[in-house]
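Working notes, structure below.
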Amino acid sequence: MAVSETLPVLVSLPTSSSILNTSTVIAVTVFVTLLCACIVIGHLLEENRWANESITALLLGLASGAVVLLIRKGQSSRLLVFSEELFFIYLLPPIIFNAGFQVKKKQFFKNFSIILMFGICGTIISFCLISLGAFLLFKRIGVTTLGVKDYLAIGAILSATDSVCTLQVLNQDETPFLYSVVFGEGVVNDATSIVLFNSVQSLDFSNIDAMTAFKLLGTFLYLFFSSTALGIVVGLLSAFSIKTLYFGRHSTDREVAIMMLLAYLSYMVAELLSLSGILTVFFCGIVMSHYTWHNVTESSRVTTKHGFATISFMAETFIFLYVGMDALDIDKWRDSNASAWTFIAVSSTLFALVLVGRAAFVYPLANISNCLKRRDSDKIILKQQFIVWWAGLMRGAVTIALSYNQFSGGTSSESSLMITSTIIVVLFSTVIFGSVTKLLIEAVLLRHAKPTMSDAGDFASLEDLRLLFLENGDPSDNSGNQTAPMRSSFRLLMRHPTSTVHYFWRKFDDRFMRPVFGGRGFVPFVPGSPTGAADETSKSKEAVWAITNRTKSKL
C-alpha cells in the first residue's frame with residue numbers, strides 16, 4: 001500500500017510563506033492538543049466506573065468534530081480525512097508489535113490452543129454467519145446493489161473485534177487466564193479478519209464454483225502461515241545480528257534503532273509480499289522479546305520496553321480521536337441518500353449479526369474445549385465464557401479501515417450507506433458497551449478471588465514429564481524399580497499436551513536456539529558494558545570472599 005496523502009487537510013485558510021502548509025500545521029496542532037487532553041482526562045478518570053481512555057478519546061473526537069461542524073455552519077470541514085493507508089502503515093504496526101513484545105509468553109502459549117481456536121476457528125464461523133445473514137436480510141431492507149464479494153467483505157469487516165475496553169478493566173495478575181485469552185484472541189482475530197478480507201479481495205467471484213470455498217481456505221492458510229514464518233525469521237535475524245555485532249559496545253541508540261527498524265521492516269515486507277503484516281509484526285515482537293531483548297544492554301532494555309509501549313499508547317489514542325472526528329464527516333451521510341429508518345435498520349441488522357456470530361462460536365468452542373480437559377480447574381466456566389463473549393462485541397478502527405477499503409471507491413449510494421452504518425456500529429458498541437464493561441466484569445467476577453486457572457498444574461505435570469521423558473534414562477533406577485511404560489508417557493502427552501510441548505520446547509530452546517540467537521543467560525561479555533561491569537564486580541567480590549575465607553582458616 002502506498003500513502004497518497006499523509007495528512008489530507010482541506011480547510012480554506014490563507015496560504016503561508018512557510019515551507020509547511022498552514023492547514024496541515026493546524027490539523028496536526030489540533031490533534032496533538034487533543035492527544036494531550038485525552039491523556040490528562042484519562043488520568044483524572046482512572047478510577048471512574050463508567051469511562052476509560054478509549055471512550056474518552058472517542059467522545060472527545062466526536063465533541064471536537066461537532067464544534068468544527070458548528071463553526072463551518074453545517075459544512076464538512078474535512079479537517080483530517082480517514083485514510084486506511086495512514087492507519088495500516090503508521091498507526092497499526094506499533095500497536096500490534098507492542099502487543100507481541102509485551103505479552104506474557106508463558107500464559108499466552110499455555111492457552112495457545114484456546115486462543116487459536118477462538119481467534120481462527122471462531123472468526124471463520126463469525127465470518128460465515130455474518131456474510132450469510134447480511135445476504136439474506138439486506139434485500140428485505142432494500143439494499144439490493146451489493147454483490148457476493150461485498151457480502152463476504154462485510155463478514156470479514158465485522159468479524160474484527162476491538163477488546164481494548166475489556167483489557168483496560170481485566171487485571172493480568174487477578175485474572176491471568178481471561179486476560180491472556182481475551183488479549184491473544186483479539187490479536188489473532190484482527191489478523192484473521194484481515195487475512196480473510198485480503199483472501200476475498202484476491203478471488204475472482206465472476207465464476208463461482210464448488211472449488212471457490214477451497215480456494216478461499218487455501219489462500220487463508222497460505223497467508224496465515226507465511227506471515228507467521230516471516231515474522232519469526234525477521235525476529236531471529238534481529239537477535240542474531242545484535243548478538244553477533246553487539247551494537248551496545250559503542251552506542252545503545254543503535255540497538256534501539258535497529259530493533260525498531262527491523263520490526264517495522266517485517267511489517268512492510270509482509271505488505272510488499274501481499275501477506276498479513278499484523279501476524280508478521282506480532283510474532284516478530286514475540287521473538288524479539290524472547291531473544292533480542294536479552295542481547296542488548298540494560299539501558300536499551302528499559303528504553304525499548306517503555307518506548308514501544310509509549311508509541312503504541314499514542315497511536316491507539318490517536319486512532320479513537322481519528323474515528324470520532326471522522327464520524328461527523330457530513331458528506332458521507334449525505335451521499336448515502338438514506339432515511340433515518342434505513343440507517344437504523346441496517347445498523348441494527350449488522351449489530352445483531354455481530355451478537356449472534358460471536359455467541360455462535362464462543363459457547364460451543366468453549367464447551368468443546370471443556371470436554372477435552374479432565375481437570376475441573378482447567379475448564380472454562382460459564383462466567384468466563386460470558387466475559388470472552390462480551391469482550392469481542394466492541395468494534396474499532398480495524399473495522400472502519402476495512403470498510404473504507406471496500407466501499408470508499410464505490411459510486412452507489414449503498415456503498416456510503418455501508419460506511420456510515422459501520423461507523424454507527426463502532427460508535428454504539430464502543431461507547432454503550434464499553435461504558436458498562438467495568439461494572440459488568442466487577443459484577444460477574446470476584447475481584448480478589450484466586451485465579452480459576454493457576455499455573456500449579458503445569459509445574460506438577462512438568463515434574464511427571466521429567467520422570468517419564470528422560471532422554472538418557474535407564475529402564476530401571478538404582479533401586480531396581482521399573483519406570484513407567486511408554487504407554488503411560490503417551491497418555492501423559494495426550495492428557496497434558498501444552499505442558500509437554502512446553503517442556504520439550506524449553507529443552508530444544510536451551511540446547512540449540514539460545515546458543516545461536518542469544519536470550520536470557522547468553523548475553524555476550526564485553527568489557528566496559530553494563531553486563532561486563534557487573535561480571536567484573538561479581539568476580540571481584542568472589543576473589544575478596546575467597547581471600548577472606550583463606551585468612552580465617554589460617555587463623
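Every residue, even glycine, has its Cβ placed from backbone N, Cα and C.
The annotation transmembrane segment is assigned in TrEMBL to 20-45, 57-74, 86-103, 115-138, 220-240, 261-288, 308-328, 340-366, 386-405, 417-441. Marked as domain 'Cation/H+ exchanger transmembrane' by TrEMBL: 46-441.
Looking at 57-74, 386-405, 417-441, the range that has the most CB pairs within less than 8 A of the transmembrane segment (308-328) turns out to be 57-74.
Away from its own ends, the transmembrane segment (86-103) comes close to residues 1, 3, 6-7, 183-184, 187, 190, 263-264, 267-268, 271, 277-278, 281-286, 288-289, 293, 304-305, 308-309, 311-312, 315-316, 318-319, 322, 397-398, 401 of its chain (Cβ-Cβ under 8 Å, at least six residues beyond either end). Tertiary proximity for the transmembrane segment (261-288) is limited to same-chain residues at least six positions away from its ends with a CB under 8 Å from its CB atoms, namely 1, 88-89, 92-93, 96-103, 105, 108, 187, 190-191, 194-195, 198, 202, 223-224, 226-228, 230-232, 234-239. Counting Cβ pairs closer than 8 Å to the transmembrane segment (20-45), the top stretch among 57-74, 115-138, 386-405, 417-441 is 57-74.
Taking Cβ pairs closer than 8 Å, the transmembrane segment (57-74) reaches residues 30, 34, 37-38, 41-42, 317, 320-330, 427, 430-431 in its own chain, all 6 or more past its ends.
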